[in-house]
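Trainee: Structure provided below as structure tokens; questions to follow.
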Amino acid sequence: MAKGKFERTKPHVNIGTIGHVDHGKTSLTAAITKYFGEFKAYDQIDAAPEEKARGITISTAHVEYETENRHYAHVDCPGHADYVKNMITGAAQMDGAILVVSAADGPMPQTREHILLARQVGVPAIVVFLNKVDQVDDPELLELVELEIRELLSKYEFPGDDIPIVKGSALAALEDSNKEIGEDAVRQLMAEVDKYIPTPERPIDQPFLMPIEDVFSISGRGTVVTGRVERGVVKVGEEVEIVGIRPTSKTTVTGVEMFRKLLDQGQAGDNIGALLRGIDREGVERGQVLAKPGSVTPHTKFKAEAYILTKEEGGRHTPFFTNYRPQFYFRTTDVTGVVTLPEGTEMVMPGDNVTMDVTLIVPIAMEERLRFAIREGGRTVGAGIVASITE
């Protein structure tokens with residue numbers, strides 16, 4: 001496959017391999033690059049560089065490849081803890097995942113945990129690669145494993161009966177030892193991924209939202225709020241809401257500027273200043289958001305999925321219990337919240353990932369899948385995601 005320059009003409013999709021340790025995630029990643037990208041050997045992918053996301057160090061390998069229909073950015077993590085951290089911090093956003101399961105072992109504890117995490121962090125779709133099928137001679141056993149995987153997916157509210165399961169061997173693909181379960185299976189897998197994993201909506205097509213980072217008053221002109229537009233478009237003359245911390249208020253954007261130049265609109269990715277009509281300097285603050293009216297609402301209570309840093313990662317040295325009161329850093333500001341642990345969980349140790357209920361002392365513009373950091377006095381001790389809103 002000739003490598004031309006990166007063509008922006010194809011839709012872009014972020015994807016990743018998930019599944020139990022040693023079931024073949026990295027070998028499969030290498031095999032996909034062999035047929036659809038610039039070949040990366042197992043060792044190149046496995047020696048993933050460390051990166052920091054929200055103050056947390058994560059090892060992640062990034063590869064890219066393309067099918068006829070799409071361009072893919074693919075993440076693969078060497079260790080289980082890296083997956084947990086990656087999915088919770090959203091360091092590697094996943095529009096879909098390839099779940100790798102060894103046919104010889106069937107679903108294992110991390111298989112289950114990664115499916116649960118995918119559900120909690122809102123990975124929209126999963127395609128399954130049943131790996132190492134050459135190690136299983138009995139077709140009935142293969143069927144049984146497939147059934148087990150489908151049941152497990154359904155249990156975590158994925159459409160287990162409809163999810164494509166492709167059977168093959170990543171090793172056979174890498175070694176060219178058996179075309180049918182090697183190359184053919186990898187090509188079939190990517191055809192299923194192309195078909196089954198939906199193309200994500202581009203940020204610019206979503207309703208406007210901008211977290212407010214700073215507030216200025218400009219004499220004779222009014223109040224300007226600055227920030228980076230997270231999604232959507234805002235045009236001069238449009239009505240917006242200011243949401244979070246205080247009661248929601250409405251205003252009109254009377255000007256948009258970027259790099260000191262006046263624009264008629266600001267869009268996803270732009271760092272802008274928005275001039276607001278009839279709002280004084282005291283009427284708005286960092287931590288609120290500017291949003292399309294009715295698109296986002298303020299909440300104080302939610303269920304979270306969180307990863308708590310180990311001591312070595314710079315986190316807490318001791319466990320915490322129900323009624324723990326750290327700060328939750330959403331977008332641009334810290335808000336104190338009270339933690340309630342689920343029944344049967346007495347305490348949370350550094351290094352755990354946990355589902356917990358949180359009640360904030362002031363409301364924040366919130367939606368499912370919003371990420372946050374957990375902090376104590378400005379120091380990050382955990383990362384989390386809003387799994388569901390309770391109130």
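Glycine is no exception: its Cβ is also placed from the backbone N, Cα and C atoms.
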Trainee: Could you tell me which of the ranges 76-79, 236-239, 244-247, 332-335 is annotated in Swiss-Prot as region 'G3'?
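Mentor: Per Swiss-Prot, the stretch marked region 'G3' is 76-79.
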Trainee: Can you dig out which of the ranges 131-134, 135-138, 251-254, 323-326 Swiss-Prot describes as region 'G4'?
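Mentor: Spelled out, Swiss-Prot records region 'G4' over residues 131-134, not the other listed ranges.
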Trainee: Counting only residues 6 or more past its boundaries, what in the same chain has a CB within less than 8 Å of a CB in the region 'G1' (19-26)?
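Mentor: Long-range Cβ neighbours of the region 'G1' (19-26): 42, 45-46, 61, 76, 78-80, 99-102, 105, 107-111, 114, 129, 131-132, 170-171.
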Trainee: Rounded to the nearest Å, what's the C-alpha distance separating Gly19 (GTP binding site) and Thr26 (Mg(2+) binding site)? Just drop the number here, would you?
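Mentor: Here the two Cα atoms are 10 Å apart.
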Trainee: Quick one: give me the count of other CB atoms within 10 A of the CB of Cys77 (GTP binding site).
Mentor: 24
Trainee: If you draw a 10 Å sphere around the Cβ of Thr26 (Mg(2+) binding site), how many other Cβ atoms fall inside it, taking every protein chain shown into account?
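Mentor: For Thr26 (Mg(2+) binding site), the count of other Cβ atoms within 10 Å is 23.
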